Amino acid sequence: MPSASASRKSQEKPREIMDAAEDYAKERYGISSMIQSQEKSDRVLVRVRDLTIQKADEVVWVRARVHTSRAKGKQCFLVLRQQQFNVQALVAVGDHASKQMVKFAANINKESIVDVEGVVRKVNQKIESCTQQDVELHVQKIYVISLAEPRLPLQLDDAVRPEAEGEEEGRATVNQDTRLDNRVIDLRTSTSQAVFRLQSGICHLFRETLINKGFVEIQTPKIISAASEGGANVFTVSYFKNNAYLAQSPQLYKQMCICADFEKVFCIGPVFRAEDSNTHRHLTEFVGLDIEMAFNYHYHEVMEEIADTMVQIFKGLQERFQTEIQTVNKQFPCEPFKFLEPTLRLEYCEALAMLREAGVEMGDEDDLSTPNEKLLGHLIKEKYDTDFYILDKYPLAVRPFYTMPDPRNPKQSNSYDMFMRGEEILSGAQRIHDPQLLTERALHHGIDLEKIKAYIDSFRFGAPPHAGGGIGLERVTMLFLGLHNVRQTSMFPRDPKRLTP
């Protein structure tokens, strides 16, 4: 007599055969073989952002990530995400989908990449949880192109939840270190996608504006023989049998290009600062947007050109990136960025007077601390209703050796900083273009003349008066969007405690 287990097996076998026979959709779903460029295909993949009412009733192919999946009886709802856009997809038992296909779709791991064929259908009620609110995709085929591991280091829904909402409702949010440790996942969120698309827009607008103004884009060396700012905060690297340094700025080379008659130059590239500053706004490596320009009679010609460039960037961002701004504001609410035309300019002594009136004790030659910068930003916003302004005529004592002194006041300099929401985003000045005065100032700052000989020599053969400035890309992005930490606007941030990923 057969055992109970043998009897069960004999009963299961016909059921398996029957189930396989019932799976009439088995060719319509599954795990695809790895794409190794085996063959080319004429299949057209439609972008999720293009799934609109205009495509209603069309059959389309889409490649996207599985953001969420939810099984409900004989159907499964998926949210398919592609960058910052997403659409609801429905897999339901019917002519094109078997119950096995529905079960397969419901069990695809989050963040897996899938190819889906489906019919675009107009919905009667807007799908508020998706960017594509007027349509959904009725799935006919679904294949996994790249399977994600079942356990994610962070949940994307948690990563985009406003902190206030998480605190009020007791729901999970994701802390900064977890985000940065798993940066590739964090960068997939709609907020991160919006931040870095807007940041790309800043670079594009900077380049576009300056080229239209007649500037030439240059590239400068990042491995240099002497500290470009003359300070100690440099990274030393081994350079064959000598030591070299990572450039703190392209300053000296921008000026050399002006001496070489390029007249107006700019560059976009990495800047390195070996400062042990663990603050919300400091990085050891960031992207510098640098400008240098010859002028005719007064350095304000350059200062005003830079200010206008910033205004053109702000205008361009507000015109072209409203969707991204609104996406970031959902998670990090913020007042819209305000600026004036022409840009507000105050002299440093006027800023000191405002701070002293507010109870701050400062000497005439003291530099602004971060708290005082922020306070000044609030005072200026209250008085002038602008988030962007210039402080001019800084004390000479707090500026680099190559800064031109003010001929009318030896304690002041022809230098300026630009601010957004009470934080400095640009430092600039007229440069010393006379080799004798430059030598004197370098010695005053204790700089080894031998290490900057090529720089000083470049002024010995005739140099036009010139000025410029350097902007921190990550800070501009952070402050325009009203974010609170520069690590949110650095794709893979470097600070004194972080060297990976």
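The backbone N, Cα and C atoms fix where each Cβ goes, and this holds for glycine too.
Database features (Swiss-Prot):
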BINDING   E229, R273, S427, R431  L-aspartate binding site
BINDING   R273, A274, E275, R281, H282, L283, E424, G472, L473, E474, R475  ATP binding site
MOD_RES   T52  phosphothreonine
MOD_RES   K74  N6-acetyllysine
MOD_RES   S249  phosphoserine
MOD_RES   K374  N6-acetyllysine
MOD_RES   T500  phosphothreonine
REGION    251-254  region 'Aspartate'
REGION    411-415  region 'Binding site for the 3'-end of tRNA'
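Feature map: annotations from Swiss-Prot on the structure.
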{"residue": "T52", "record": "phosphothreonine", "Cβ contacts under 8 Å, 6 or more apart": "Q132, D134, V135"}
{"residue": "K74", "record": "N6-acetyllysine", "Cβ contacts under 8 Å, 6 or more apart": "A92, V93, K99, V102"}
{"residue": "R273", "record": "L-aspartate binding site", "Cβ contacts under 8 Å, 6 or more apart": "N233, Q248, H282, L283, T284, E285, F286"}
{"residue": "E275", "record": "ATP binding site", "Cβ contacts under 8 Å, 6 or more apart": "N233, H282, T284, P496"}
{"residue": "E424", "record": "ATP binding site", "Cβ contacts under 8 Å, 6 or more apart": "L368, E373, D417, M418, R475"}
{"residue": "S427", "record": "L-aspartate binding site", "Cβ contacts under 8 Å, 6 or more apart": "S415, D417, G469, G470"}
{"residue": "R431", "record": "L-aspartate binding site", "Cβ contacts under 8 Å, 6 or more apart": "Q255, E292, Y402, T403, M404, H466, A467, G468"}
{"residue": "L473", "record": "ATP binding site", "Cβ contacts under 8 Å, 6 or more apart": "Q199, I202, C203, I268, F286, V287, G288, L289"}
Least buried by Cβ count (within 10 Å) of the modified residues S249, T500: T500
Tally of DSSP helical, extended and coil residues in the region 'Aspartate' (251-254): 4 helix, 0 strand, 0 coil
Residue counts (helix, strand, coil, in that order) that DSSP gives for the region 'Binding site for the 3'-end of tRNA' (411-415): 0 helix, 4 strand, 1 coil
Lowest local Cβ density among K374, R475, which the record lists as recorded positions, within 10 Å: K374
Neighbour tally for H282 (ATP binding site), based on other Cβ positions within 10 Å of its Cβ: 17
Rounded Cα-Cα span from S249 (phosphoserine) to T500 (phosphothreonine), Å: 23
Extent of the ATP binding site in Å [max Cα distance among R273, A274, E275, R281, H282, L283, E424, G472, L473, E474, R475]: 19
Between K374 (N6-acetyllysine) and S249 (phosphoserine): CA-CA distance (Å): 25
